[in-house]
Amino acid sequence: MTDRGSLRNTLHQRGMRMTPQRQLVLDAVRELEHATPEQVCRRVQRATPTVNITTVYRALDLLEELGLVRHTHLGHGAPTYSVEEHEHVHLVCHRCGGIDEVPCELLDGLAEILDRQHGFALDATHLALSGSCRDCREATPEQERA
């Protein structure tokens, strides 16, 4: 992940300045791992109560433009942001709302089939798969699964 100095240099090269709010937003996304703008805002407001949701959205847009964060729609409303450290596919449990991630390479076989049969190049880096996590499946009585 980009450190504070690198972020400052990147912004400076684009004629922008580093603000405490931008750093707080990036830090919040990093700490929360998968967070909606509202969750990021609440985390930032712990340090700076005057920061509002508009500031958070603007900072997230800029950080995404700089390639430091990315957003994915996980099927529950607002986009979810994560740091751009590694490409991954999100696994979202539709029962408990849990989020896990797996490497994009796990879908290489599917990507090859889609390309070969449909001429479609899969971009799995913004992909969320919905299903049931192991804990939820194990907690569900056998007759309910049938």
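Backbone N, Cα and C atoms are what each Cβ position is placed from, and that goes for glycine too.
No curator has checked TrEMBL annotations; they are predicted automatically.
Keep in mind it's a predicted model, so treat the numbers as computed, not measured.
What TrEMBL records for this protein:
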BINDING   Cys93, Cys96, Cys133, Cys136  Zn(2+) binding site
Legend entry - Position of peak Cβ density within 10 Å, selected from the binding-site residues Cys133, Cys136: Cys133
Legend entry - DSSP-derived structure type at Cys96 (Zn(2+) binding site), helix or strand or else coil: coil
Inset, instruction - List, in sequence order, the residues of the same chain other than Cys93, Cys96, Cys133, Cys136 whose Cβ lies within 8 Å of the centroid of the Cβ atoms of the recorded Zn(2+) site. - result: His94, Arg95, Gly97, Gly98, Ser132, Arg134, Asp135, Arg137
